[in-house]
Amino acid sequence: MARFNARLFSIAILGFQVARSAITYQHPDDLPGDVDYDFIVAGGGTAGLVVASRLGENSKWNVLVIEAGPSNKDVFATRVPGLAETLPTSHIDWNYTTVPQQALGGRSLNYSRAMILGGCSTHNGMVYTRGSKDDWNKWADVTGNRDLSWDSILPIMKKVEKFSEDFSDQSVEGHIDPSVHGNDGKLSVVASYTNVSFNDLLLETTKELVDEFPFKLDMNDGNPVGLTWNQYTIDHNAERSSSATAYLESTGDNVHVLLNTRVTRIVPTGKTNFRTVEFAVDAGGPRKQLTAKKEVILSGGFIASPQILMNSGIGDQEALKAVGVDTLVNNPSVGKNVSDQAATLVLFDTTLPNTDFDVDAAIVEWNNSHAGPLATGAPLNHLIWVRLSDDKLSGSDPSSGKDSPHIEFQFSKISHRIPPANVPNQVALPSQDSIGVVIQFSVVNLNSISRGSVSLNDNNPFSHPLIDLNMLGEEQDIAILREGVHSARRMLSSEAFKPFVNGSVHPPANITSDEDLDAFLHTTTKSYLHGVGTLSMSPQNASWGVVDPDFRVKGTTGLRVVDASVIPSVPAGHTQTPVYAFAEYASIVIAKSYN
């Protein structure tokens with residue numbers, strides 16, 4: 001007997017209209033045998049659910065999404081903004097590990113990626129940043145696709161958004177520029193903030209050190225440099241907004257979602273026509289196949305998508321041969337060009353009030369009223385985007401342009417509690433007993449020029465691939481991160497902070513020279529988990545790259561890729577918003593090709 005299917009519906013009594021939504025299936029055996037799917041989306045993450053939802057707006061098309069993880073509705077913590085930090089390393093995480101990183105003293109880094117419906121939009125820190133105008137214009141130049149230029153993509157980014165005040169109904173005046181935001185989209189975005197004294201000190205610093213830390217009203221206007229209020233993908237009800245909640249839940253019942261099932265390969269239906277998806281529940285289970293009438297859209301993310309392509313015989317011929325995979329399309333660019341951000345955590349001793357709270361009590365409060373400390377994205381609510389002066393750059397400018405930042409400061413909390421050493425990507429920090437209350441934030445090199453790779457470990461689709469970030473592989477990357485630490489120290493040495501900050505704890509205050517700071521960074525740098533580029537988009541007839549400007553995999557028909565892997569380089573910001581924008585744009589491109 002088939003397992004229970006979740007057909008979610010609501011009946012509007014007036015007019016007797018029935019509003020149906022996507023149908024979910026827990027096991028491949030539950031799939032209906034009488035449905036031919038026009039499109040099969042391999043991966044139900046941030047991009048995959050956007051594409052499935054948009055294609056599903058055509059009621060004549062049947063769409064199937066195959067997702068390796070469970071439903072987001074099964075995991076309470078994915079709903080609560082303040083519980084985001086509990087999700088990495090949990091059962092809804094792929095729990096990847098990189099190969100030893102040469103420039104990090106041979107350390108292997110944990111690499112968190114979501115394995116759940118909604119992907120990283122269900123699992124991340126919810127920060128909503130578009131990147132700079134320069135980023136988008138650079139991508140347009142690199143790919144030969146002018147539709148990706150800032151002026152062309154901005155209407156699509158605004159189309160994504162449903163911007164509103166947060167649960168507290170605090171005015172957003174002075175925190176955002178309403179003219180650069182959308183109000184009618186699917187994805188909820190808020191300028192969520194808490195009233196803490198730290199905010200006032202930061203704003204005072206923008207007046208004192210205006211050249212380095214100017215105040216920026218809205219970081220999402222395309223010119224993000226400066227200190228700005230954070231924006232989050234949280235709805236007015238203080239719940240996380242993700243591609244699962246914002247897109248899938250408003251989708252018709254012509255969209256089917258198969259959960260807990262791994263896509264193993266894309267199989268050719270002809271010599272270069274790849275429209276058949278192979279999938280299985282586990283490594284020992286039977287492999288099943290379904291063929292899309294029109295196309296397969298691969299949306300596994302920047303690690304899983306190249307792994308699936310390589311297991312399908314699309315990749316570097318010599319590398320595939322080495323692991324026993326027959327080459328069907330020889331493309332050495334598959335899995336190359338990993339572009340990511342390097343970061344380090346800094347701690348400053350302070351007499352400011354801490355932002356700690358009783359988590360159990362906060363969960364009760366959130367359950368009862370959707371308010372309290374767990375209703376916001378973080379206890380501290382600012383980001384700073386720093387552009388280094390030319391004299392502080394080591395070599396050529398790695399940013400996308402003159403209006404783009406090199407460094408990000410992301411503030412997290414003021415606390416005596418510091419992350420344990422087993423937190424993903426984390427390294428040993430000062431012992432709890434050796435410090436008091438500390439201001440905690442990340443210093444991020446936004447423009448790493450080092451490039452890494454994702455490659456097959458073997459020909460078992462259920463094995464983790466080899467992930468080499470080549471973190472700090474170029475000297476310029478560590479030089480910029482070092483300048484970021486210097487900049488952070490200047491900020492917290494300002495007149496505004498002097499009465500409240502007693503110096504740097506991590507790195508220790510006695511580490512001041514460039515040489516000593518570099519040694520510190522080699523042992524403490526981690527990934528900021530914003531990897532892109534493994535299946536990079538490139539011009540139509542380019543000799544490099546994996547997908548054309550229409551997202552089709554070069555050398556194939558019937559197969560496109562839509563996710564972070566196609567973005568050529570990491571933006572000067574977080575990657576969530578660009579992935580939404582790429583997915584919305586791809587949906588338009590795909591639909592138009594069948595119009």
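Think of each number as a place in line: the chain as shown, counted from 1.
A Cβ is built for glycine as well, from the same backbone N, Cα and C atoms used for every other residue.
Per Swiss-Prot, these features apply:
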- 1-21: signal peptide (SIGNAL)
- ASN95: N-linked glycosylation site (CARBOHYD)
- ASN110: N-linked glycosylation site (CARBOHYD)
- HIS123: tele-8alpha-FAD histidine (MOD_RES)
- ASN195: N-linked glycosylation site (CARBOHYD)
- ASN337: N-linked glycosylation site (CARBOHYD)
- ASN367: N-linked glycosylation site (CARBOHYD)
- ASN502: N-linked glycosylation site (CARBOHYD)
- ASN510: N-linked glycosylation site (CARBOHYD)
- HIS530: active site, proton acceptor (ACT_SITE)
- ASN541: N-linked glycosylation site (CARBOHYD)
- HIS574: active site (ACT_SITE)
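Feature annotations (Swiss-Prot) mapped to structure.
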residue	record	Cβ within 10 Å
ASN95	N-linked glycosylation site	16
ASN110	N-linked glycosylation site	19
HIS123	tele-8alpha-FAD histidine	28
ASN195	N-linked glycosylation site	9
ASN337	N-linked glycosylation site	24
ASN502	N-linked glycosylation site	15
ASN510	N-linked glycosylation site	9
HIS530	active site, proton acceptor	24
ASN541	N-linked glycosylation site	8
HIS574	active site	26
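Across the structure, HIS574 (active site) and HIS530 (active site, proton acceptor) are spaced 7 Å apart at their Cα atoms.
Candidate recorded positions: ASN110, ASN337, ASN510, HIS530. Nearest to ASN95 (N-linked glycosylation site) by Cα distance: ASN110. A distance of 22 Å separates the Cα atom of ASN367 (N-linked glycosylation site) from that of ASN195 (N-linked glycosylation site). In terms of C-alpha distance, the listed recorded positions ASN195, HIS530, ASN541 place HIS530 closest to ASN110 (N-linked glycosylation site).
Classification of ASN502 (N-linked glycosylation site) by DSSP places it within a strand. Distance from the CA of ASN195 (N-linked glycosylation site) to the CA of HIS123 (tele-8alpha-FAD histidine) is 26 Å.
Closest in space to ASN510 (N-linked glycosylation site), of the glycosylation sites given as ASN195, ASN337, ASN502, is ASN502, taking the CA atom of each residue. The recorded positions near ASN541 (N-linked glycosylation site), taking a 10 angstroms Cα-Cα threshold over the set ASN195, ASN337, ASN502, HIS530, amount to none. ASN367 (N-linked glycosylation site) is surrounded by 12 other CB atoms, counting those within 10 A of its CB over all protein chains shown. Spacing of ASN337 (N-linked glycosylation site) relative to HIS530 (active site, proton acceptor) is 13 Å (Cα to Cα, whole number). Cα to Cα, HIS530 (active site, proton acceptor) and ASN502 (N-linked glycosylation site) are separated by 32 Å. Reported as a whole number, the C-alpha separation between ASN502 (N-linked glycosylation site) and ASN195 (N-linked glycosylation site) equals 23 Å.
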